[in-house]
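Engineer: Below is one structure. I have some questions about it.
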């Protein structure tokens with residue numbers, strides 16, 4: 001580097017031939033861009049003063065650690081020039097005049113080391129240890145005019161050809177363009193600065209990012225919300241496609257991705273619930289539909305679907321015999337859709353399986369209050385009654401169901417089964433009655449009546465068994481029921497048989513009361529019997545006996561005479577009449593009414609002449625009358 005002139009490009013020497021050259025020292029100085037070169041150039045008429053820099057050794061403090069032994073020392077720093085491309089060309093021109101052009105001269109920014117006033121490289125310690133701030137300020141003020149004058153000096157035409165180095169126009173443009181082939185004119189630079197200004201955001205300037213200067217307009221970019229919506233719908237569409245392919249697990253995964261983006265779309269929860277239902281995950285499906293109902297409380301379809309999910313879950317639990325859990329699920333479905341009878345019926349079925357009979361019947365009765373024309377409800381209650389051994393109520397519910405729908409298949413089958421069971425029990429009861437097993441026969445005929453209570457003949461048979469067993473009250477009730485069930489048709493054989501059996505029961509009951517001294521009750525029962533059957537002489541005889549025991553001889557005489565009219569040849573009736581006349585004669589004799597007494601005794605002898613006491617009584621009466629008629633024969 002001792003002969004720097006030999007390394008200077010020849011074209012640069014030709015261009016700057018009029019400038020004085022400064023020989024380089026043996027020790028190359030570090031390159032420094034000093035702003036004072038403008039003033040020096042203007043005063044001396046030289047541009048090579050721009051590169052008037054010297055290198056000095058850096059003194060190091062032995063107490064300090066030299067960090068440059070670990071890291072390479074940077075001898076240059078980046079500094080921004082004043083004139084952009086113009087400063088660059090001035091620096092290159094100065095280097096040409098001095099006979100040395102650095103390799104980095106073609107860069108957009110000059111790389112020079114920072115030096116102090118003594119010519120040594122500038123360090124941070126020099127800046128911090130500056131003891132004369134006034135001198136530093138004065139030096140800065142002196143540099144300002146020198147910079148302006150040097151800039152003026154450089155911009156003036158120079159050399160024998162009169163070409164300005166930094167002037168974009170003039171006679172020296174051809175020389176500059178020959179050296180700097182990539183140089184641009186000032187108009188292009190101005191437009192670039194304007195575009196750069198707008199890019200920096202300065203108002204009133206146009207920048208390089210202005211879309212109007214581009215060849216085609218940039219299409220509008222989607223917003224973040226739109227991107228998220230599109231992504232969510234993409235996952236949701238994929239899930240629907242997988243669901244159609246019955247790949248429900250993968251569909252759930254894609255719906256989960258969509259829900260991660262958008263948690264407020266009710267469709268995602270609905271479709272995920274349907275997918276869970278196909279996987280028989282009822283609890284997850286119910287939770288998703290609950291979320292959908294909360295998000296759309298006015299959508300009735302979601303509530304109905306949720307009720308169906310509860311019903312589906314309850315049916316699954318019911319099949320597993322988990323009746324309490326199934327009852328809870330059915331109850332929830334019935335609460336959400338109270339108009340759906342099927343949900344209530346399943347709840348009733350669970351209650352029946354749990355043997356909670358009262359609650360079960362209460363629910364059925366409540367439903368029948370609102371829907372009385374539903375044959376299925378009657379069949380349901382009939383089944384419940386049959387389960388609870390209430391076969392009579394079961395029969396009537398089946399009958400009501402047939403009244404609503406005569407062609408109801410289930411009701412017809414149940415009615416036929418009940419009638420068959422009733423006939424079998426009646427046949428067994430008659431066989432047991434012939435074997436004198438009245439108790440066993442009574443049980444069988446009772447089952448027959450409970451199974452088919454509409455048959456009046458069953459009541460007649462059971463009433464007769466009660467009469468034989470001495471249970472007259474129960475017998476009377478059965479006969480009265482038989483009369484009612486045959487609609488009191490007098491020509492009906494059942495009516496005739498039941499009427500006769502009822503009269504016999506009244507009579508037997510009266511006899512029972514008579515034997516126990518309950519004459520009033522016996523008379524009442526006989527009155528009922530006579531009211532129903534006035535042609536039965538035994539009823540009058542029995543009532544006459546009751547009156548006789550109550551010393552009601554006149555009423556007794558009337559009943560005996562009525563019975564005698566029905567059967568004049570009955571000696572028992574005549575003997576009873578003779579006893580009544582004897583009683584009247586005794587009373588007359590005691591009242592000293594001897595003629596009446598004698599007459600009564602004579603009437604007693606007419607009805608029963610074989611009683612010797614009547615003769616004695618009549619003789620006493622005649623004796624008292626002092627009437628002697630002779631010996632009375634017994635013939």
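Just so you know, the numbers here start at 1 and follow the chain as drawn.
Each residue, glycine too, has its Cβ placed from N, Cα and C.
Pulled the feature table from TrEMBL, pasting it below:
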type     : residues : note
COMPBIAS : 31-42    : compositional bias 'Basic and acidic residues'
COMPBIAS : 130-140  : compositional bias 'Polar residues'
COMPBIAS : 141-153  : compositional bias 'Basic and acidic residues'
REGION   : 1-42     : region 'Disordered'
REGION   : 110-177  : region 'Disordered'
REGION   : 190-210  : region 'Disordered'
REPEAT   : 266-299  : repeat 'TPR'
REPEAT   : 307-340  : repeat 'TPR'
REPEAT   : 537-570  : repeat 'TPR'
Engineer: Using DSSP, what is the helix/strand/coil residue split across the repeat 'TPR' (266-299)?
Structural biologist: 27 helix, 0 strand, 7 coil
Engineer: For the repeat 'TPR' (537-570), what does DSSP give as the number of helix, strand and coil residues?
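Structural biologist: Here the numbers are 27 helix, 0 strand, 7 coil.
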Engineer: Quick one: DSSP breakdown of the repeat 'TPR' (307-340) into helix, strand and coil?
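Structural biologist: Each residue of the repeat 'TPR' (307-340) counted once, the result is 27 helix, 0 strand, 7 coil.
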